[in-house]
Amino acid sequence: MAWAPLLLTLLAHCTGSWANFMLTQPHSVSESPGKTVTISCTGSSGSIASNYVQWYQQRPGSAPTTVIYEDNQRPSGVPDRFSGSIDSSSNSASLTISGLKTEDEADYYCQSYDSSN
C-alpha cells in the first residue's frame, strides 16, 4: 500500500506539546447487527478537551477513511449512525455506531491533534 510509508513518515515527524498526548483504545469490541456500539479512546495525560479527536475506519484491504473529525463532525457521505463525543470528566472520546450493519465491520482508530492550531 502506497500510503503506509507516508503515514509512518508523518508520524515520525510529529513534534510539539500535543505529541506527548497519548490515546488508548480497547483491542476489540463486538456487537450484533442492528445494535449500538461505543468505542472509547482515553487520554493518558493533559486534557482531551484541548485536543480535537478524529476517528478513522479501515476496512480490510482499504486505506483508512475519516468517519469523525473535530470531535463530532461527520464528513460528507458518512451516515448519521456514526457520532462522536468528548467526555472531559473521564478524559475520553467516544465513537458511537448505532443500527450496526455488517459493512461496519472494520478497524477503527482514534487520533488527536491540538485544537489551538
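Note: Cβ is positioned from N, Cα and C throughout, glycine not excepted.
Feature annotation from Swiss-Prot assigns signal peptide to 1-19.
Secondary structure of the region 'Framework-1' (20-44) per DSSP (helix as H, G, I; strand as E, B; remaining residues coil): 1 helix, 9 strand, 15 coil. Taken from Swiss-Prot, the feature region 'Framework-1' applies to 20-44.
The annotation domain 'Ig-like' is assigned in Swiss-Prot to 20-117.
The disulfide bond feature in Swiss-Prot is assigned to C41-C110; the stated evidence is sequence analysis. Sequence-distant contacts (6 or more apart, same chain, Cβ under 8 Å) of C41 (disulfide bond) comprise L23, T24, Q25, V53, S92, A93, S94, L95, C110.
Taken as a whole, the region 'Complementarity-determining-1' (45-52) shows an average pLDDT of 80 in this prediction. For 45-52, the entry in Swiss-Prot reads region 'Complementarity-determining-1', with the evidence type an author's statement.
Break the region 'Framework-2' (53-69) down by DSSP state and the numbers are 0 helix, 11 strand, 6 coil. Residues annotated as region 'Framework-2' in Swiss-Prot: 53-69.
The region 'Disordered' annotation in Swiss-Prot covers 65-97.
The region 'Framework-3' feature in Swiss-Prot is assigned to 73-110; the stated evidence is an author's statement. Residues 23, 25, 31-43, 47-49, 53-60, 64, 66-67 of the same chain lie 6 or more positions beyond the ends of the region 'Framework-3' (73-110) yet place their CB under 8 Å from a CB of it.
Per Swiss-Prot, compositional bias 'Low complexity' is recorded for 83-97. Counting residues per DSSP class in helix, strand and coil order gives 0 helix, 11 strand, 4 coil for the compositional bias 'Low complexity' (83-97).
Taken from Swiss-Prot, the feature region 'Complementarity-determining-3' applies to 111-117.
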Notebook entry, point to check: Can you count the other CB atoms that lie within 10 A of the CB of C110 (disulfide bond)?
Noted result: 22
Note to self: Can you break down the region 'Complementarity-determining-1' (45-52) into helix, strand and coil residue counts using DSSP?
What the structure shows: 3 helix, 2 strand, 3 coil
